[in-house]
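The structure under discussion appears below in the form of structure tokens.
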Amino acid sequence: REPPPGTEAYIPQRFPDNRIVSSKYTFWNFIPKNLFEQFRRIANFYFLIIFLVQLIIDTPTSPVTSGLPLLFVITVTAIKQGYEDWLRHKADNAMNQCPVHFIQHGKLVRKQSRKLRVGDIVMVKEDETFPCDLIFLSSSRGDGTCFVTTASLDGESSHKTHYAVQDTKAFHSEQEIDALHATIECEQPQPDLYKFVGRINVYHDRNEPTARPLGSENLLLRGATLKNTEKIFGVAIYTGMETKMALNYQSKSQKRSAVEKSMNVFLIVYLCILISKALINTVLKYVWQSEPFRDEPWYNQKTEPERKRNQFLQAFTDFLAFMVLFNYIIPVSMYVTVEMQKFLGSYFLTWDEEMFDEDTGEGPLVNTSDLNEELGQIEYVFTDKTGTLTENNMEFVECCIEGHVYIPHVICNGIGLGPFKGQVTYYTREELFFRALCLCHTVQVKDDDNVDGLKKSQLSRRSRIYISSSPDEVALVEGIQRLGYTYLCLKDNYMEILNRENNREKFELLEVLSFDSVRRRMSVIVKSSTGDIFLFCKGADSSIFPRVKEGKIDQIRSRVERNAVEGLRTLCVAYKKLTAEEYSNAQKMLQNAKLALQDREKKLAEVYEKIERDFILLGATAVEDRLQEKAADTIEALQKAGIKVWVLTGDKMETAAATCYACKLFRRNTQILELTTKKIEEQSLHDVLFDLSKTVLRHSGSLTRDSLSGLSTDMQDYGLIIDGAALSLIMKPRQDGSSGNYRELFLEICRNCSAVLCCRMAPLQKAQIVKLIKLSKEHPITLAIGDGANDVSMILEAHVGIIGKEGRQAARNSDYAIPKFKHLKKMLLVHGHFYYVRISELVQYFFYKNVCFIFPQFLYQFFCGFSQQPLYDTAYLTLYNISFTSLPILLYSLMEQHVSADTLKREPSLDVAKNALLRWRAFIYWTFLGVFDAVVFFFGAYFLFDNTIVTSNGQMFGNWTFGTLVFTVLVFTVTLKLALDTHYWTWINHFMIWGSLLFYIVFSLLWGGIIWPFLNYQRMYYVFMQMLSSGPAWLGIILLITVSLLPDVLKKVLCRQLWPTATERIQVKIFFCVISF
């Protein structure tokens, strides 16, 4: 709608409709866009060039030999990506077509969600999700509030309270809402879920409009769900792809695994080998043809155009022809096999019943299968504390008022606790403390008619159900209830409490100074029934103590520190009394700051700073957050595997340190090093860093993955504690413009510590720490695990990101999700280990079998005058990588277990060191093994043919029989090599390995046993049968296979006997245990 006349200049803006599009392709652009994306891959593009060369020039092999494998790879990948995109389309359509209730001409109308436009007024009922970003106008609740869960946005399942606009919260009918006349000014769409700045101008009877501020508490986000509220009305403000949820869809930076990087490097090496081979053959061809009788023999005279042809062009054409002949050394099907292995392998994680959590009814979730093998290569684990290591299930333990400790239903300090009036001296402060905790919060009371079968009127003090976005707040309100003060409700801006004498007290809620992670405190301004105005504040001790002017600070501080050492979460409570004039000034400052459209947060922070000062300290509270089950076992196992565990938390140092001792991150003999603000105040940052550096470097060399895995309880190890302020100083560029020196020193200290605790960390600092370690000179592989929105930045920064229980639906930012921290042990030490070992063997084996395949072709050129004559038939060239050798390795890479899962859990030290199976040494071994086998195939067959009459009627074999013999030995050798490497045999392995060999024999018999009408040549007719009819050929095949496999078998036996690895020692131990049993 257009605004009323007389308003400022109005420029109509074009807003998008409410359609959500998360799909990548449309029906029309799928083929071109998908082909473009696939040919950006270097291997696919290379094979396309080879295929085009085969089409353009006269090459020794048919274009089918390159075209068919390429078509297979492109088709399989396109089908997989098309199916995934079809699922996205399906999800988008379900979302866009779901019904929404609009208000039109004072009536409710039902339409599809995609037809919603900015300015439409929508009604949403309980348990429905909001169809777009809405400004909250009114609610069925009298106080104009509603409860919302944002699990699908930020992973937090707790209830959050939102507030309707003050001037519209009384509108409850469709007619009243439809008669509303207002304009809204707000910021352009942006992805921050917790930030919104706007202003609503409500027009009453054409008078001057009333301006009200709009903040994130008035904004209901798309994807959030309405809870515990019958219905709400809201006006659409951001729709479709401009909603905050859609803006958070942006694709994460592509994470590439170490295996993929190694693959690409190996591919470049093989490309260089290929070019070298083609170059050598081209040069040798012209050397060979330098003598006239070889260049132009009597049986193959050149034509006149051939003699006049440009020599350079002829040489280039020959070079390309050799490239085509040897191009199979680059395995085109490796990429598709790796993709299938990752995709299918990820199901083993989701199907794992041991990782299923009975309490939540949920199991692990895989959001990207591209990083499976990285799970087995993790060197650093960065974990959040609250909700990840701990249960995030708070329980009130005690409170300390004026130095006296109050524990529910316990006698302490000579004072009986429970319903009592207390000593007169402390009565006032004690009463104020309890009232402060009853009033200073954002808790709501659940508004059900029946709670567990009891009517509202029958509800006792204890059966009330409190809802809040913070579990701490609920624990405090419930704890104070056990001490005699009950929070009843917030109604018409009045907060009601029940005191010890069962009398109701009403306080008018004047202002709420919301909690934020920078201030680390929240305040309320309330007015009592006697007219007194109080400001109650609760927050972290570091945030309250500097603002206190009186109270028993020392006694309360010592109690807070004692509780923190025991691992309890502490909060301090303070108050001050305001005069009417002070409150009036505060209200004006707050109102001006709230109405600001620019820098609203900064202005509010300045106002809060002015108001929240000169407090009288009342006391402190302690809340317990229990450790998750088996968290300590998991950390111990990870450390034994050589993985360094860092805890990054916003909690205070003492609380976090106590949790670290409880979960065995720090051991009893761990020497704790502190790099905190307190230390830096005593000495300069430079001195502190150098002192710590000297301490840790007494033991020469940094703590490597291997030495860490051998940590015993006797060995001296170090634990570092750093806080957010100290980290800021380390990361801050120095005056000369460099920050590298301090960072390097800090990293050196960290490398020599077995565990690090970072406390008082802001979300961005968590990401900074991960980035700092990730980009250090060793480039370690990192994993971050957290359970909420404040951990998202660190999860996105790490190589692998995992979200815990809170983020089940919101885990879009993570790569994996697991229900509990304890499941990390099996995920990394078992699944990750298997993924890495399997895919490493797959990659090395692919290169090996292609060297075996193409090197005989290279050797053959020396015996055919470099004429580009192929050794193998076209069908064999085409099907070698697609059919004859692809399925056994795919199955191996899915099923192989060189040791059992139970053994890996018992022996964490078996974890594979950094990319050990894909280092140059292993790569060169596999390559030379391939070259050796190829030499055996070729020369073994050559000498067999050279010196023997191989058929019963005295006929000699032709070149196609020679090639078929080499190919037969090749297929059997590479398949049996895989069989020798297999430790874990199942009927599927047997079926695939022996089935592949059988398929090759059956195919060869059919291919050579029938005259195929569609072929323009019949060179393979009866070749295979003739070869099999020869006794020397059978003997040769068996002998050559044995000779080819012998070096690898000998190497395995000798290495196992003389230099056994940890894995091999375990295998032998298990073998003898089974024998003796």
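Here the Cβ of each residue, glycine as well, is placed from N, Cα and C on the backbone.
The domain 'P-type ATPase N-terminal' annotation in TrEMBL covers 13-66. Summarising model confidence by region, the domain 'P-type ATPase N-terminal' (13-66) averages a pLDDT of 82.
Packing against the transmembrane segment (39-57) from elsewhere in the chain are residues 63, 65-67, 69-70, 73-74, 264, 267, 271, 317, 320-321, 323-324, 327, 330, 332, 334-335: each is 6 or more residues past its ends and has a CB under 8 Å from a CB in it. TrEMBL lists 39-57 (among others) with the feature transmembrane segment.
Annotation source TrEMBL lists domain 'P-type ATPase A' at 97-161.
The transmembrane segment annotation in TrEMBL covers 265-288 (among others).
Taken from TrEMBL, the feature transmembrane segment covers 319-338 (among others). Under 8 Å from some Cβ of the transmembrane segment (319-338) lie the Cβ atoms of residues 41, 43-44, 46-47, 50, 53-54, 57-61, 65-66, 69-70, 72-73, 76-77, 263, 267, 270-271, 273-275, 277-279, 281-282, 839, 842-843, 846-847, 849-851, 853-854, 857-858, 861, 868, 870, 877, 880-882, 886, 889-890, 893, all in the same chain and six or more residues away from its ends.
If you look up TrEMBL, you'll see ASP384 marked as active site, 4-aspartylphosphate intermediate.
As annotated by TrEMBL, Mg(2+) binding site applies to ASP384, THR386, ASP787, ASP791.
If you look up TrEMBL, you'll see ASP384, LYS385, THR386, GLU473, PHE515, LYS538, ARG569, THR649, GLY650, ASP651, ARG760, LYS766, ASN790, ASP791 marked as ATP binding site.
Outside the coiled coil (583-610), and at least 6 residues removed from its termini, the chain residues within Cβ reach (under 8 Å) are 185, 187, 195, 197-199, 211, 213, 215, 510-511, 513, 516, 518-519, 523, 525, 533. The annotation coiled coil is assigned in TrEMBL to 583-610.
What TrEMBL records for 811-1061 is domain 'P-type ATPase C-terminal'.
Tertiary neighbourhood of the transmembrane segment (875-895): same-chain residues 61, 64-65, 68-69, 72, 328, 331-333, 337, 340-341, 344-345, 348, 838-839, 841-842, 845-846, 849-850, 853, 963-964, 967, 971, 974-975, 978, 981-982, 984, 986, 988-989, 992-993, 995-996, 999-1000, 1003, 1007, 1020, selected by CB-CB distance under 8 Å and a gap of 6+ residues from either end. The transmembrane segment annotation in TrEMBL covers 875-895 (among others).
The transmembrane segment annotation in TrEMBL covers 923-945 (among others). Below 8 angstroms of C-beta separation, residues 266, 269, 844-845, 847-856, 859-860, 863, 956-957, 962, 965-966, 969-970, 973-974, 1032-1033, 1036, 1039-1040, 1043-1044, 1047-1048 of the same chain, each at least six residues beyond the ends of the transmembrane segment (923-945), sit close to that stretch.
Residues or ranges marked as transmembrane segment by TrEMBL: 957-979 (among others).
Through the fold, the transmembrane segment (991-1015) approaches residues 873, 875, 879, 883-885, 887-888, 891, 964, 968, 971-972, 975, 978-979, 982, 1021-1025 of its own chain, all at least 6 residues removed from its boundaries and within a Cβ separation under 8 Å. The transmembrane segment annotation in TrEMBL covers 991-1015 (among others).
Sequence annotations record features per position, and here TrEMBL assigns transmembrane segment to 1021-1046 (among others). Nonlocal intrachain contacts for the transmembrane segment (1021-1046), taken as residues 6+ away from its ends with a CB within less than 8 angstroms of a stretch CB, comprise 932-933, 936-937, 940-941, 944, 948, 950-952, 957-958, 960-961, 964-965, 968-969, 972-973, 976-977, 980, 1004-1005, 1007-1009, 1011.
Among residues of the same chain six or more beyond the transmembrane segment (957-979), those with a C-beta under 8 A of the stretch's C-beta atoms are 845, 848-849, 852-853, 856, 860, 864, 869-873, 876, 880, 884-885, 888-889, 892, 933, 937-938, 940-942, 944-945, 950-951, 993, 996-997, 1000, 1004, 1019-1020, 1023-1024, 1026-1027, 1030, 1033, 1036-1037, 1040-1041, 1044-1045, 1048. Residue pair GLY650 (ATP binding site) / ASP384 (active site, 4-aspartylphosphate intermediate) shows a Cα separation of 9 Å. The residues of the domain 'P-type ATPase N-terminal' (13-66), classed with DSSP into helix (H, G, I), strand (E, B) and coil, number 27 helix, 0 strand, 27 coil. Nearest in space to ASP791 (Mg(2+) binding site), taking C-alpha to C-alpha distance over the binding-site residues PHE515, ARG569, ARG760, is ARG760. The recorded positions listed here are ASP384, ASP787, ASP791; among them, ASP791 has the most other Cβ atoms within 10 Å of its own Cβ. Cβ environment of THR386 (Mg(2+) binding site): ASN392, ASP625, THR649, GLY650, ASP651, ASP787 lie under 8 Å away, each six or more residues apart in the same chain.
Figure note: comparing Cβ neighbours within 10 Å for the binding-site residues PHE515, GLY650, the maximum is reached by GLY650. Note on proximity: of the binding-site residues PHE515, ARG569, ARG760, the one nearest ASP384 (active site, 4-aspartylphosphate intermediate) is ARG760, by Cα distance.
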